[in-house]
Amino acid sequence: MRALLTFFVAGLLVLSSPAMALFGNNQNSSFASGSNDFVPVDQAFPFNYFQQDHRITLDWQVKEGYYLYQQRLSFSAENVVLGDIQMENGQPYRDEFFGDVNIYTNPLFVNIPMQDWQPGAKLIVQYQGCAKAGFCYPPETRVIDIASFTNGDMAPATMPTQTASPLDTSTANTSTPQPLTQQDQLASGLADNWWTPLLFLALGVGLAFTPCVLPMYPILTSIVLGSGKLSQRRALGLSLVYVQGMALTYTLLGLVVASAGLQFQAAMQHPYVLIGLSILFVTLALSMFGVYTLQLPSSVQTWLNNLSNKQQGGSSTGVFAMGAISGLVCSPCTTAPLSGALLYVAQSGDLLTGGVALYALAMGMGIPLILVAVFGNKLLPKAGGWMDHVKTLFGFVLLAAPIFLLERILPEMWSTALWSALGIAAFGWLYHVKNSLEFGGWKQSAVGIIAVLGLFASAQPALNYWFADSSQQAQTSEVSFIKIRNVEELQQQLALAKQAKKPVMLDFYADWCVACKEFEKYTFHDPAVAAQLKQFVLLQADVTRNQAQDIELLQAQQVLGLPTIDFWDAQGNPVSNARLTGFMQAAPFLEHIQRISN
């Protein structure tokens, strides 16, 4: 899925990497010493602003041969509410420092509406630019004093142009651009595109092949194709009704998650919910294996039969309800694309736009299901013994879903064992039934070879884990965290770290967070990363239970979702723009923490 997402957003997302050697010791300028060809940053990008009514306009005059990065523009405020920021998109550019980016080579104007400003109101503007000749300036920060503005209707006359004061460099963040996480890349890449719904539609098609959505194929097939011989038109109608139920439910759930934040997301992924859904999938799988037959009470069957007789070929109401239920079942599978979609909705603040986008995402998930329902009878061979094999195969597919859900709350050893056991059972069954297949010759031999290779591939992860050498196991124990449970304990640890003059890393963790476990397995215990992390005071907040103190801590740190990692410098100050919200591989994570520790 990660590979699919990477391919899909390759043309949309901006990848940022560390800048190359920057900046000398010239105290009177922001440019590198030893080169007289570059002007100071204030001459390269003269920055001014003016205000009219309840709107402030920021103005950059870009010198010829220089450019500003669109991705490095950021605006934040204190004691004032900012409206929707209005600015034009930059032009695509290939930069030796940051790769494919959008830049501004002409004067740039940014309009920002403001309201409800209070005493001490400030607007903090951050930007960064480079010279085409191969030189990059550090990020610049300007603070605009809004408190002097009148909090009421002003005359239409434009105020005199003013120059914002630079932020004190002792507290300003002058780090190089931070690498974007997978979720941030998706959210930023989808923003401000009129064709966003089409992108979400394509993402939905990819999500249709994840472990939680794939088991919906046999369910839909039994609903639409299993109720009798249906025409293509009837099958198309019922499948569309099914997908509409799933899409509407998915859209509502997504909007609730985006508006309610992490609390609802955590509740939907609570261990009790995950265990309940896993039991449901196992129950369905056992019925596919013929252990028992699931059937409704006779009274309900009679009611459904009567309703089915009234609606020839199937119940649209029942199909819609099943689609809605499938939307609920699939909701805990918050893979990186779905998390990015929800992050996009939360950032946009436009529920209508967000609703349309998430509806398109769910419709994309339903497209493969519709194709199976409409063309299934033509694509599949005639009825025969193969149907029992297909039924058993779907049983194994159904068993993959509970493992996918439970690995969020199970130790890695057990999740690895479950995946290996499922693979061994599935490929062992395939090898057992190969001689009973209706075709023979080389096709039967190919099935046997696939089964044998699958058996070895399934057993290897468990063997690698259980028989790992002692050095690998010791490596896993190198990184240890100080556990914190609430805001008070966080403040205590920050105070102790400040006294020790050590930077701090706080990792928000939950058992149901897959990416949190990926951080733990692939990133934190990388030898180079583990060595660099020794310079930090490592804190971890386990919010699995989503208790009151967990919620208070998440709200205090303004955490919208997991994984989230925050950083403080050795002076106890939060490191601006250093937060990570999504999985990051060891190499870019190492660069990230090296910049912070240095």
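Keep in mind that glycine also has a Cβ here, set from the backbone N, Cα and C atoms.
Features as listed in Swiss-Prot:
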type: SIGNAL; residues: 1-21; note: signal peptide
type: DISULFID; residues: CYS130-CYS136; note: disulfide bond
type: REGION; residues: 158-180; note: region 'Disordered'
type: COMPBIAS; residues: 159-180; note: compositional bias 'Polar residues'
type: TRANSMEM; residues: 198-220; note: transmembrane segment
type: DISULFID; residues: CYS212-CYS333; note: disulfide bond
type: TRANSMEM; residues: 240-262; note: transmembrane segment
type: TRANSMEM; residues: 274-296; note: transmembrane segment
type: TRANSMEM; residues: 324-346; note: transmembrane segment
type: TRANSMEM; residues: 353-375; note: transmembrane segment
type: TRANSMEM; residues: 385-407; note: transmembrane segment
type: TRANSMEM; residues: 414-431; note: transmembrane segment
type: TRANSMEM; residues: 446-468; note: transmembrane segment
type: DOMAIN; residues: 456-598; note: domain 'Thioredoxin'
type: DISULFID; residues: CYS513-CYS516; note: disulfide bond
For CYS130 (disulfide bond) and CYS516 (disulfide bond), what Cα-Cα distance in Å is obtained after rounding to a whole number? 35
Non-local residues, at least 6 beyond the ends, that sit with Cβ under 8 Å of the transmembrane segment (414-431): 392-393, 396, 399-400, 403, 406-407, 447-448, 450-452, 454-455, 457-459, 461-462, 465
In the three-state scheme derived from DSSP, which category covers CYS516 (disulfide bond)? helix
Residue counts for the domain 'Thioredoxin' (456-598) under DSSP, helix then strand then coil, are 70 helix, 22 strand, 51 coil
